[in-house]
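S.K.: According to TrEMBL, the protein carries these features:
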DOMAIN    B:38-555  domain 'Cytochrome oxidase subunit I profile'
TRANSMEM  B:15-37  transmembrane segment
TRANSMEM  B:58-78  transmembrane segment
TRANSMEM  B:98-125  transmembrane segment
TRANSMEM  B:137-158  transmembrane segment
TRANSMEM  B:185-206  transmembrane segment
TRANSMEM  B:226-250  transmembrane segment
TRANSMEM  B:270-294  transmembrane segment
TRANSMEM  B:306-328  transmembrane segment
TRANSMEM  B:378-402  transmembrane segment
TRANSMEM  B:414-436  transmembrane segment
TRANSMEM  B:448-471  transmembrane segment
TRANSMEM  B:586-603  transmembrane segment
Amino acid sequence: MEKQEKGFPYGHVIGFLVAVALTIFALLVVFKTSFATSTKFTLIGLMAVFQAALQLFMFMHMTEGNDRDSKVIHTIYAIGMGIVIIVGSIWVMTAGHSIH
Amino acid sequence: MDIKWDKILVGGDPLLVASQIAIVLTTVGIIAALTYFKKWKWLWDEWLTTVDHKKIGIMYILSGVLMFFRGGVDGLMMKAQTAVPENTFLDAQHYNEVFTTHGVIMIIFMAMPMLMGIINIAMPLQIGARDVAYPQLNALSFWLFFSGAMLFNLSFVVGGSPDAGWTSYFPLAGKEFSPGIGNNYYMIAIQIAGIGTLASGINFVVTILKMRTKGMSLMKMPMFTWTALITSLIIIIAFPIFTIALLIGMMDRLYGTHFFTVEAGGLDMLWANLFWLWGHPEVYIVILPAFGIFSDVIATFAKKRLYGYFSMVLAIVIISVLSMLVWVHHFYTMGVGPTVNSVFSITTMLIAIPTGIKMFNWLFTMRKGKIEFTTPMLWSLAFIPTFLIGGVTGVMLAMAAADFQYHNTLFLVAHFHYTLIPGTVYAVFAGLYYWWPKMFGYKLSEKIGKWHFWLFNIGFNVTFFPMFFLGLNGAVRRAYTYSAESGFSTLFLISAIGSIFLAAGFAALVYNIYWSFRHAERNVGNDPWGSGRTLEWSIGSPAPHYNFATLPEVKSIDAFWYMKKEKKGLELRKSDIKPIHMPAKSWIPVYMGAAFFVFGFVLVFEWHILSVIFGLSVLAGLAFRSFDYDSGYYVPVEEIIETEKWRGEIK
């Protein structure tokens with residue numbers, strides 16, 4: 001971490017540009033292409049996951065500091081809970097008669 | 001602005017008019033008394049701007065007791081209405097409003113602040129910290145809760161109460177079926193309080209992970225602190241779900257979106273899904289700290305180390321994971337099909353295993369212990385069999401196929417009162433009696449406490465046990481009346497009589513607080529129960545505002561017990577006392593509470609231009625906070641020596 005404070009923060013600038021590019025791509029995919037809706041969802045979903053990972057590693061010090069293990073545990077726990085909430089909701093709301 | 005000024009005050013009903021007059025008179029009375037006794041400055045300096053975790057805790061508890069009264073009166077009104085068949089005390093609409101506010105107030109504005117208050121007071125003392133990690137954020141949490149609670153309480157005289165149940169299911173709660181503003185209160189008041197709760201959750205996690213005293217590893221923490229940690233983690237995971245659900249529910253009601261509507265592609269049952277994704281973890285949020293209180297109280301008064309400490313920790317961790325995996329059991333009858341229902345049946349029944357482990361651990365803690373029947377211990381002892389009834393009926397309800405019979409009956413109502421009242425309310429009472437001397441420097445009267453215990457306990461069982469049978473016989477919940485031919489009359493009457501004892505029990509608690517304030521013996525010493533095991537009993541009663549003159553060093557679980565036994569680590573030496581750095585008080589939290597209150601109020605009334613203006617006043621508070629550079633002050637050594645005089649001469 002000490003090293004990064006000196007000199008020009010190339011990593012942060014590149015990360016920022018990639019994040020902006022990913023956001024623009026997502027908008028382009030939705031508004032300017034004629035893919036099927038499910039393809040659009042898959043594409044922007046993938047870009048969202050990639051961008052989240054980018055944020056975690058380039059800006060949020062995921063792999064730095066002396067408590068990196070607990071950070072990794074917390075992140076995995078949060079991702080697991082996110083999956084439960086999102087996948088669980090989709091499953092429940094589309095199963096059986098509930099959609100009708 | 002389609003809601004006019006003349007619709008603001010709800011009128012007509014004599015009960016409501018009487019309440020309006022009572023509220024005005026009480027407010028005038030409080031303001032007059034404060035002015036007459038010249039207490040405004042004291043109130044502002046000592047309480048409104050405080051960041052002391054103990055004072056914030058006391059304010060939480062005081063608000064919780066007030067809300068208990070309000071929610072309790074709602075409960076009594078329902079019991080009065082259903083005491084005899086075809087009663088006309090309340091009409092259908094009024095009854096709907098009463099059961100809705102009863103549920104919301106008891107869960108969100110009574111159980112939550114009571115437990116937040118007890119965590120605030122006891123947890124930093126148990127881990128040997130001088131305050132929570134973010135003292136000003138802690139004050140903000142309280143004021144947001146308070147402002148949400150006051151906004152919600154205003155609803156019954158100003159604008160009308162929410163009437164769609166505490167679950168507020170769409171589409172009923174939507175604009176289509178509930179055009180009035182009552183349900184706006186639900187969406188906005190709970191949102192404001194919820195922001196505060198989320199902040200508390202983060203605050204407590206950081207406090208417990210970062211501010212434990214020297215030597216206190218995670219596995220040496222008192223059980224109450226463990227449960228506070230796990231509860232806070234559940235808050236952080238579960239509350240944002242509700243935040244979002246309330247936000248889009250509010251968008252539906254205020255700005256005409258179609259998230260939960262029936263038409264235009266809305267998905268009404270998604271509300272139920274999101275509500276219970278938060279709602280089920282929420283009941284564990286209120287029950288886990290309660291388990292922690294019972295663990296500490298039972299170990300103290302059985303005078304034994306808590307049996308199976310590691311399995312207790314494991315059990316609460318497993319409960320916290322399972323709490324996120326069971327939400328569908330609240331709406332099996334939605335028709336999600338046998339696969340989904342079976343999965344959620346199994347996860348629900350699994351919860352009985354870690355809970356059972358805890359039950360047996362409490363029993364084994366008491367085995368061969370020298371049990372002392374103090375009031376906190378009585379509440380803990382009564383908890384075990386009564387909560388067991390709640391748990392066993394819960395397993396009955398967990399079976400999806402059987403649930404189609406129990407669903408929406410008073411059987412369910414009896415079940416969740418049998419879990420939440422012994423689980424949470426008994427624990428709150430146990431915790432209040434147990435830690436009261438640490439808060440105020442005197443014990444609550446044991447004699448009146450026993451009246452409180454027996455009246456409340458008998459009243460509770462007489463009120464809610466008949467409801468199991470009423471439910472099995474087919475009496476539905478949330479129905480404002482029933483016919484004489486239904487044959488429900490006798491059990492309903494018994495239940496209503498029970499609620500009078502319940503109210504008498506609560507009155508005994510209030511009288512106890514008054515009596516003890518006036519007459520109880522002061523100078524109870526640092527360890528008033530004589531058998532304290534954890535660090536909070538090593539400091540003065542009431543706890544000094546800096547908590548610990550010198551930070552203790554912990555070598556084992558139940559550190560204070562071993563310090564007493566080995567007579568080591570307790571003495572205070574003059575050379576060890578250093579000036580103590582403490583956080584400064586701040587006006588920003590109470591300002592934020594007020595700003596959110598007004599902002600919420602204009603949002604409720606859908607005055608959109610005003611809501612933009614008052615929304616800016618909230619942002620102004622955030623801006624002030626950004627330029628707040630006050631880094632606190634030091635408590636001088638002389639003041640510490642003066643405060644610690646109760647220890648005798650300090651060398």
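Just so it is clear, glycine is given a Cβ too, placed from its N, Cα and C backbone atoms.
Unlike curated records, TrEMBL annotations are generated automatically.
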S.K.: Looking at B:137-158, B:185-206, B:306-328, B:378-402, B:414-436, which one has the highest count of Cβ pairs under 8 angstroms to the transmembrane segment (B:226-250)?
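M.R.: Checked against B:137-158, B:185-206, B:306-328, B:378-402, B:414-436; highest Cβ contact count belongs to B:185-206.
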S.K.: Among the recorded stretches B:58-78, B:98-125, B:137-158, which has the greatest number of Cβ pairs closer than 8 Å to the transmembrane segment (B:414-436)?
M.R.: B:98-125
S.K.: Top stretch among B:137-158, B:270-294, B:448-471, B:586-603 for CB pairs under 8 A with the transmembrane segment (B:378-402)?
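M.R.: Of the candidates B:137-158, B:270-294, B:448-471, B:586-603, B:448-471 scores highest.
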S.K.: State, in range form, which of B:58-78, B:448-471, B:586-603 has the highest count of Cβ pairs under 8 Å to the transmembrane segment (B:98-125).
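M.R.: The listed stretch sharing the most Cβ pairs with the transmembrane segment (B:98-125) is B:58-78.
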S.K.: Go through B:185-206, B:270-294, B:448-471, B:586-603 and flag the stretch with the largest number of C-beta pairs under 8 Å relative to the transmembrane segment (B:137-158).
M.R.: B:185-206
S.K.: Counting only residues 6+ away from its ends, which parts of the chain sit with a Cβ under 8 Å from the transmembrane segment (B:586-603)?
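M.R.: Here the qualifying positions are 48-49, 51, 136, 139-140, 142-144, 146-148, 150-151, 154, 184, 188-189, 191-192, 250, 254, 610-611, 614-615, 617-618, 620-621, 624-625, 628, 630.
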S.K.: Short question: which residues 6 or more past the ends of the transmembrane segment (B:185-206) have a Cβ under 8 Å from it?
M.R.: 100, 104, 108-109, 112, 116, 119, 123, 132-134, 137-138, 140-145, 147-149, 151-152, 154-155, 159, 161-162, 164, 168, 173, 228-229, 231-236, 239-240, 242-243, 246-247, 249-250, 253, 596-597, 600, 603-604
S.K.: Over the domain 'Cytochrome oxidase subunit I profile' (B:38-555), what is the model's mean pLDDT?
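M.R.: In the predicted model, the domain 'Cytochrome oxidase subunit I profile' (B:38-555) has a mean pLDDT of 92.
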